[in-house]
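Lifted from TrEMBL, the feature list:
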| type | residues | note |
| --- | --- | --- |
| DOMAIN | A:696-757 | domain 'CBS' |
| TRANSMEM | A:74-95 | transmembrane segment |
| TRANSMEM | A:122-145 | transmembrane segment |
| TRANSMEM | A:236-260 | transmembrane segment |
| TRANSMEM | A:266-286 | transmembrane segment |
| TRANSMEM | A:326-348 | transmembrane segment |
| TRANSMEM | A:360-384 | transmembrane segment |
| TRANSMEM | A:449-479 | transmembrane segment |
| TRANSMEM | A:500-525 | transmembrane segment |
| TRANSMEM | A:531-551 | transmembrane segment |
2 protein chains.
Amino acid sequence: MSENSPPYQIQSQDHESLTVPLLSHQQRSINSTSQVAIVGANVCPIESLDYEIAENDFFKQDWRTRGKIQIFQYIFMKWLLCFLIGGFVSLVGFFNNLAVENIAGVKFVVTSNMMLDRRHGMAFLVFSVLNLLLTLFAVIITALISPAAAGSGIPEVKAYLNGVDAPDIFSPRTLMAKIVGSISAVSSSLVVGKAGPMVHIGSCIASLFGQGGSRKYGLTWKWLRFFKNDRDRRDLVTCGAAAGIAAAFRAPVGGVLFALEEMASWWRSALLWRSFFTTAVVAIILRSLIDVCFSGKCGLFGKGGLIMFDAYSANVSYHLADVPPVLVLGVIGGILGSLYNFLLIRVLRVYNFIYEKGIIYQILIACTISIFTSFLLFGLPWLASCQPCPSDAPEACPTIGRSGNYKRFQCPPGHYNDLASLVFNTNDDAIRNLFTNDANSEFQLSTMLAFFVTCFVLSILSYGIVAPAGLFVPVIVTGASYGRFIGMLLGSHTNLSHSLYAVLGAASFLGGSMRMTVSLCVIILELTNNLLLLPLIMIVLLISKTVADAFNGNIYDLIMKVKGFPYLETHAEPYMRQMTVADVVSGPLQLCHGIEKVGNIVHILKTTRHHGFPVIDASPHSESSVLYGLILRAHLIALLKKKSFLSTPIRLGVDDAFRHFSADDFAKRGLGNVDKIEDIELTDEEMEMFLDLHPFTNASPYTVVETMSLAKALVLFREVGLRHLLIIPKVSGRAPVVGILTRHDFMPEHILGLHPLLVRSRWKRLRLQLPRLLKIF
Amino acid sequence: MSENSPPYQIQSQDHESLTVPLLSHQQRSINSTSQVAIVGANVCPIESLDYEIAENDFFKQDWRTRGKIQIFQYIFMKWLLCFLIGGFVSLVGFFNNLAVENIAGVKFVVTSNMMLDRRHGMAFLVFSVLNLLLTLFAVIITALISPAAAGSGIPEVKAYLNGVDAPDIFSPRTLMAKIVGSISAVSSSLVVGKAGPMVHIGSCIASLFGQGGSRKYGLTWKWLRFFKNDRDRRDLVTCGAAAGIAAAFRAPVGGVLFALEEMASWWRSALLWRSFFTTAVVAIILRSLIDVCFSGKCGLFGKGGLIMFDAYSANVSYHLADVPPVLVLGVIGGILGSLYNFLLIRVLRVYNFIYEKGIIYQILIACTISIFTSFLLFGLPWLASCQPCPSDAPEACPTIGRSGNYKRFQCPPGHYNDLASLVFNTNDDAIRNLFTNDANSEFQLSTMLAFFVTCFVLSILSYGIVAPAGLFVPVIVTGASYGRFIGMLLGSHTNLSHSLYAVLGAASFLGGSMRMTVSLCVIILELTNNLLLLPLIMIVLLISKTVADAFNGNIYDLIMKVKGFPYLETHAEPYMRQMTVADVVSGPLQLCHGIEKVGNIVHILKTTRHHGFPVIDASPHSESSVLYGLILRAHLIALLKKKSFLSTPIRLGVDDAFRHFSADDFAKRGLGNVDKIEDIELTDEEMEMFLDLHPFTNASPYTVVETMSLAKALVLFREVGLRHLLIIPKVSGRAPVVGILTRHDFMPEHILGLHPLLVRSRWKRLRLQLPRLLKIF
């Protein structure tokens, strides 16, 4: 540890044996990773969330004063909030579907009627202008009112649950933009989904309920005061995300599993129970609302949207001989899924590059895609040949004057256009057509191929627009189309019906792109309402995930990476085992004393952007100081704001602290409402006074010794859900704390930036070549 | 911290403000909690498992030398083992059902035929003697061959996954006793289940596969060498538990969720995927085997056992008006479930008290219960009146000469005895009768009541016998009986059929006793194969769990407590926030030096029973020593066994260590095969030599400062999965480590034993009065 050793001593050694800790050069650089990310469509600064309980004397005293009544209030409110979240999310989900079905329905009825009158040009004009207007509306409210509402929102919520606080993602503005934008984007015939936005909407509603009221609008209630912290909000947002999926697919169990498998970074048994309660509320309310709609009070909302649930009701029988084609489907799904992820990320990068030039470019791209989509959807059916109507069709054929499944389009009477039935329809109806029509002859082979290519291309191009856009429905419709295509190719060589192939195709593409297992399996089962499919869906999902994992990561993780969220993985990279925490920690370190001068505190807060400061005390026994704990920036600012300073440096008791402050002063407000040090005006006299930080300092911060391996520090940081991890020296006699680790210090970009040597070392190479395989260690 | 302060300084203070850490009296007592538990039926010493990765230089070097091929071997083996586990568990599960159906089937056919011949006395004799013999067989092989096989095994497996190593629970002996014992116990008409034993069997098979071969039987393969550690075994055992439920109920998704919600203490995304794969293998193999049986090659195995799956296939339609009775069912389920748990635990305590007196008492109790059961099952149907056979019965009525559902018993021709159809049948058939018979008139009200009381009483009495005995099936059958009873009571006031009430009753009793939510919901859905029931089952489960939680804990946790397993909860008790780690740590502490004399090591190992020892080094800068790391007892013994000692106290390089040792020397063998220090013979000369412990010491042990609050230390200990947690001093200049925390130090019994004051304090009182409510914080 001598200061004279060469800074990269390690370079002279054999790369294969990195046994000497990299610590030797005592590097103390500033963390170089950027602390900004693309949230929705715009670049914003991001911060970490405080999931650790700050156990200071003041809070401990506050907990002790809480009686049984407060505990009852807290528990009652938690369940009540879950109930309210479930209720609101199901109402929004229902309203969403109702609006889409009616807006898109009117559009299709109007254009179909014009087609019947042979006014083809007029029909195209109306169709494309309506689509363009709806897209424009979605883009403009997103870009102008809340850019954070763009995209599916799942990456943002996933990052939030990992501890990354992106500004504005849960504001009421974003909620409104997301709801309205999602309705108009989906109605505009773009190939975008509504499930992802529903997850974001659910999380947003949950987060708003978790604000603990709003002083600005006079919505305060003392029963809500216990929720002003990130831990409780995290639980509620997890329930909200589960409710979102439950409302989008009417899949309550699937929603819980989705939140568990894909969204949440921390999970407790109690959370499982509470999210299950939330989705149960969603399921029951949705069921009642749909019962109301069955009596025909919901306009064009017929079998639309939510009723995907009962899509597949045929009896299934299959044998071992049917397994090989299913395996092939899984492999194809894996390859296509990873290709889809690869292309989508490429397109997103291009879009992000263009979007930096201004809002006008964001609108231009959306308009181009809308016009291109209209051209494709309206033009393609002309290439398909007309089919005679089947004599035993379950509904009027061709459909006239309402939204239906046998589109006549340009065909003569008594015929229908099978491609128009798919593309000239909402995505939900297209999925239902593909899943339910057991008549194996309804679609032609060329139709299915054309539809698959259209969906694949359009969904990749459409996801990146600056409007709420989900991925679930596009992936399902694309997967169902190639699944049915393969079923048709196999023809009589298989016992399974084409519609079953469509379901399995959707499963394989979902597995290949999103890489979930249990949750996707349950969601598909709940969508199709047929438990007998279970073994086949399990095989398909396992194979497509395995194949796709050999190529790249799951789509949400890739998007999160493109957006630049510092997502903390559970597993440590192999090279982290060879490093110590001292190798990555960045300085300079700012310390506070237990009893500190106000001026110093203000100076520290103004000159740094750290969010936690170690508090040290003079040791009674020796000259060196001892670590007392860690104090948060937010708590320091709350102390300064209250201005109850001490004129002499004496130590305050907890009871004194309790007289001057209330727990509410330290509550973390939501929606990024934080007081800034610049807003606090202090006189010169006050600057010379003192503050006793002891009662407000978290006296039990987690610590690691500087020689701890980085991999084990990451496990501690990740599993316990920390924001700051103090590093204490191995040998006493130096400062009692030598550094603080935060989320950014564990990011591979930061570590590899500090130690470029690692990029070339065997450990990094290994990681790059076998990226997925190592993950499943 | 002065030594002069009174030992219980705190007593003079206000109990309500425990702000002064209890540390003040510097207590260093020996940990007083017992380190034994009841495993199966016998009391055994238990130990903790090593889930933490020991990152010493030697292992790091070993990891570096692993190439891509080894990583591929490791990953391939993990998946292959999962596949094999799934395969074996499904075969055992199938064989189990086949055997039960045939043995019990033959028994019922023989006795039924005697009844037809009016030889009632003879029938009773044969019935009760056969039952007694089967019970005796089960008890004797359990008591003599492997007492660890008694009971359901779920508490033992759950404790194992929490980090408690009970000897013998996964030995081949236990596996055999469990399989054979479970078959004979279930066939003997005792009200015991086979699902719990299947979970134990699955875990046992998984653990045996995870042994990394066996040197004794020559079953070694170098591809298996990576599995000789507790972490990989834990993953496999989790998959095995999931496979067990999947095989018992043919519920692959339910199995995964059961393992996640009830069994596992640590869960990773990769584990979700792997256990899903395992249960998929189970589902597919079971399906193929059942297809074989449909062709009639399986003897009396007709619709038995596994085919519960398709039990409920009627169409359901229900409205809001049906919700109130469902709510009532949930409340009743909660009350009955908690009563059931309460009584079962009482009976278990009595049994355990009696069992201590010897094996003969264990056998006597089992015989008594078997005879009592036979009397009840044979006697009760005489009280029921005979019913005329329905004209539209789906099968021959009354059933003659085979196992069937319309038992004639003592009735005249053309009549059947409805109570005999339930009690004079296997439990699986009784459940199928209750779940499927939509004919609302088949059972009389008095029959259902009698059946409910019989099941309730017998299942409580039977669980505690020294034989493999599960709880799932008894709980389901009891719940179904009172569910159907309530449905019959409501009569025409409800639209729901009686069989649907039976399903909901089973759900409510399961929820009230086992307190799971999502996993029970999915298991019931997979059993009944009807997704439309979902919202109703969700309501029932939520209500029954909520009601029951107000009274006591879940049945497996209660049993675990009776058995004395030191299960580590995720949540910290409120009083733990008010204490520091120094308040509970027990001494005396044994330290090793980095380069230690062999004689000293032997002395330390022989005089203590600790499993980890801090290793300290002389500091280069000062007189005090510094902490180097933690070395495990197992590793010290491996070093002593190899006898490659140093004649002078010099420091060894990693490369030297690598020359003398191989990673295999430090591999943890399974099945409790550990070397003992007593078995190692060392000469006096060797005792004077030295060992360099540095390359074998985990240089990155987790540490906490002595002033850390106990609650936060528990979070670290539990979330990261530790066995030892080092406590370092706050003020330097003393020893570099002041204590070690282990699992036992966090047990409430230990803490309250050290600080009896807490028992009276407000925090403890609060916990006792609102036990469940606080848990869901």
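Cβ coordinates come from backbone N, Cα and C, glycine included.
All TrEMBL annotations are machine predictions without curation.
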### Query
Do the transmembrane segment (A:360-384) and the transmembrane segment (A:500-525) come together with 3 or more C-beta pairs under 8 Å, pairs six or more apart in sequence?
no
## Note on the structure
Taking DSSP helix as H, G and I and strand as E and B, the domain 'CBS' (A:696-757) has 24 helix, 12 strand, 26 coil
### Message
Is it the case that the transmembrane segment (A:74-95) and the transmembrane segment (A:326-348) touch, counting contact as three or more CB pairs under 8 Å in which the residues of each pair are 6 or more positions apart?
### Response
no
### Message
With contact taken as 3 or more Cβ pairs under 8 angstroms (pairs 6 or more apart in sequence), are the transmembrane segment (A:122-145) and the transmembrane segment (A:449-479) in contact?
### Response
yes
### Task
Could you pull out which residues elsewhere in the chain have a CB under 8 Å from any CB of the transmembrane segment (A:449-479), counting only those six or more residues past its ends?
40-41, 135, 138-139, 142-143, 147, 149-154, 177-178, 181-182, 184-185, 190-198, 200, 248-249, 333, 336, 340, 343-344, 347-348, 351-352, 355, 362-363, 365-366, 369, 372-373, 376-377, 380, 383-384, 419, 422-423, 427-428, 430-431, 434, 485, 505-510, 513-514, 555
### Summary
Outside the transmembrane segment (A:531-551), at least 6 residues beyond either end, the same-chain residues with a Cβ under 8 Å of its Cβ set are 312, 315-316, 318, 322-323, 326-327, 329-331, 333-335, 337-339, 341-342, 500, 503-504, 507-513, 515-517, 520-521, 524-525, 772-773, 775-776
### Arithmetic mean of per-residue pLDDT over the domain 'CBS' (A:696-757)
87
